[in-house]
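K.L.:
One structure, pasted below without further comment.
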Amino acid sequence: MNKITNNKAWFLVLPVFFIVAISAIIPLMTVVNYSVQDIFDPQTRFFVGTEWFEQVLGDSRLHDALIRQIIYTLSVLFIEIPMGIAVALTLPRKGWGVSASMVLLALPLLIPWNVVGTIWQIFGRADIGLGGYLINLMGIDYNYAQNPMDAWVTVLVMDVWHWTSLIVLLCYAGLRSIPDAYYQAAKIDGASRWAVFRFIQLPKMQSVLVIGVLLRFMDSFMIYTEPFVLTGGGPGNATTFLSQFLTRMAVGQFDLGPAAAFSLIYFLIILLVCWVFYTVVMNAGKQGEQ
Amino acid sequence: MTLTLENISKTVGGESHIDDVSMTLEPGSFNVLLGRTLAGKTTLMRIMAGLEPPSSGRILVDNVDVTGMAVQKRNVAMVYQQFINYPSMNVFDNIASPLKLQGVDKAEIEKRVRSTAELMHIEHLLDRLPQELSGGQQQRTAMARAMVKDCKLLLLDEPLVNLDYKLREELREEIPNLLAERDTIVVYATTEPMEALLLGGKCAVMHQGRVTQFGPTTQVYHNPAYVETGLIFSDPPINLVDAEVRDGAIFMKSGHQVPLTGHLSGLANGNYTLGIRANHLSVDPTGDNTIAMQGQVELAEITGSETFVHVHFNDVSWVIQEEGVHNPRLGEATSFYVDPTRLFAFDANGKLVAAPPVEISNGKAA
C-alpha cells in the first residue's frame, strides 16, 4: 500500500478531544468515582463497590418514578408524533400561508422551558388563569395543585404544546422533499389518500421521523423544569419523574453516592433505549430490502 | 382508441403555456413531442392525461368528450424524468400496484407482473427495493409499472434524461420494439432531435406552447415547416443566413452567391433565410458545385468520432460537423464548403419554401 502516513494529523484531533474530555468524559468519570465510594470529606472516603447501585435499584420510590416516567414518555410520543404528522400533512404547500404557519409553529420552540412552566402555571390557575378558569366554568373540577391527575395532565399538555411543533417542522421538511411526480403517479394509478400516505409520504418521512422520535424520547425522558416550576414534583409524587427524583437525592438530601449511581443507571437506560430503537428501525428498513 | 385534441389552450396566471393545440393521435401510434425545455411538452402531456384541465378546448377519446374526466378513469400511464417508484415496496409490488388498485385477481397479477418484468429485463430484481437498484433499473421498473396495466395512453416525459449515455442508448433502442405490438397510443417527450429520429413514428414539434408541425418524424425532419422547427429539430441547430433572390441568383448577406438551380430554382425575387444543417457543411470540398466560404474558427468541440467546428463570418456563427478528430487553431481563418443542393429556403415569415430532395443514403445521414 502506498498510503501516506502523517502523524501530525493527530494534532488536528486534539482540540476536539480536549473539548469532549472536559465537557463529557471527565465529568462522567467523576460521577463514576462518586458512585463507588462513600465520601464524608475529602480525606475520609471508603470504597463501597456496588452497594449504592444495589440500594438505588431496590428503592421502591425509584421504581414508582421510573414507571411514571415511562408512562409519561410514551404518552408524549403517542400524542406528539401522530399529531405532528397530521398537522404537517394539512399545512399549505405554497403561498403566504407557508411562512405564516412556519412562524406560528416556531414560536413555542423559541420559549425556554422554565418560561413554558410559568406560562402554564398561571394559565392553569382557577382563580387568575384563563385556562383553569374556563375548565372550571365547564363544571370540571380542575386544580393541578391538589389533584395529582390534573397536575400530570397539565405537564403532558405543556410538553405537547411546546414540542409538537418540532415534529411538525421535521415532517413538513420531509414532505416537501417529495417530488410532485410521486403524487401525480399515484393519482394516475388511482391510489387512495391513505395509500398515498402509507406508501409515499410515510416512507419518505421515515428518516426525519426517526430523528424526531429519538429527540422527543430523550428530551421527555429527562423532563425536569416544567414539573419543577409547576408543582415541584407534586402534588404528592404525581409529577416526580426521574430527574426530579435524582435532583432531590443529590441536591436536596446530598446523597451523592446513590445519586451518582442512579445518574449512571439513568444514562444507561436512555442510551440503551435509543440504541435499541435505532437498530430496530434501521433493521426493519433493511429486512424489507432483502 | 383515438385521442383528439381540439383547440386546447392553457393559461396560468395570465401566461400562456399551451396555445391553441389541435392534433389527432391514432390508435397504436408512437408520437414524439419534440421541443426545447419550457416549450409546453409536459403541460400538454398533463392535459392529455387529465391531470390538469385545459383552459379552453376539448379532449376527445374515440369522439367522446372526456375533457373534465378524472385521471383515474382515463386508463393512462405516465413515466417521468425522475424515477418514480413506491419507496417501501419491492419491484414486484411496485409493478403490481396499478393492477391491485384495479382489483385484478392474484394469479393474473402474478402472471402479468412476471411477463412485464421479463420484457423489461428486470425479472431477477423483483425482490429488491427501488433504492437498491441502479438508475436504469429504477426507470425500467417505473416503465414496467406503466406498461403492466394495458393502458390506452402511455405518456413518457423525457424518461431517459436522467440516465447515463450507455443506458439511454440501450433503452432507446428497446422502447419502440416494446410498444410496437400494442394498441396503446404512446406519447414521448424529448428535447433531443437524435432521440426523435431514432424513435421514429410521428413527431410533433412544439415551440412556445404551440405545435408548429405534426407528421411522420423523418418527413418533419426533412421538411421543417418553419425556421424554428429547423432550429429545434437539428443538433446542432440548423445554420442560418439571410439572403436575397434577384437577377436569377441568391445573394447571401455574407456576400456569397448561390445559383438558382435544382430545388431552389422556383424561388421568386425577395428576401429569404437560408438554412443548412451542420452535417452538410464540410472543411473539404465535397462536390463540383460546392461554394467556398471563409470564416474564423471560434471553437472546436471534439466528441470523439466527430468534431464540431464553430466558425464566424460577417456577424454570422455557423457550426460545421466533421467526421473524425480535427484540431483547427482557434481564431484562425478557415475555408469551408456549402453544398447548395442541401440548402433549405425559408421566406420572410420563416415559412419553408424549398427543401432539398431526400436522399436515402449519402454517408452522412441524419
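Note that Cβ sites are derived from N, Cα and C of the backbone, with glycine treated the same way.
Caution: TrEMBL annotation is automatic and unverified by curators.
Below are the features I grabbed from TrEMBL:
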| type | residues | note |
| --- | --- | --- |
| TRANSMEM | A:12-36 | transmembrane segment |
| DOMAIN | A:66-277 | domain 'ABC transmembrane type-1' |
| TRANSMEM | A:70-91 | transmembrane segment |
| TRANSMEM | A:103-123 | transmembrane segment |
| TRANSMEM | A:151-175 | transmembrane segment |
| TRANSMEM | A:196-218 | transmembrane segment |
| TRANSMEM | A:259-281 | transmembrane segment |
K.L.:
Is the transmembrane segment (A:12-36) in contact with the transmembrane segment (A:196-218), using three or more Cβ pairs under 8 angstroms as the rule and ignoring pairs under 6 apart in sequence?
P.N.:
no
K.L.:
I need to check the long-range neighbours of the transmembrane segment (A:70-91): which residues 6 or more away from its ends have a CB within less than 8 Å of a CB in the stretch?
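P.N.:
For the transmembrane segment (A:70-91), the list is 97-98, 101, 152, 155-156, 159-160, 163-172, 174-175, 197, 201, 205, 209, 212-213, 216-217, 220-221, 223, 241.
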K.L.:
Using a Cβ cut-off under 8 Å, which residues of the same chain at least 6 positions beyond either end of the transmembrane segment (A:103-123) come close to it?
P.N.:
129-132, 154, 157-158, 161-163, 165-166, 168-169, 225-230
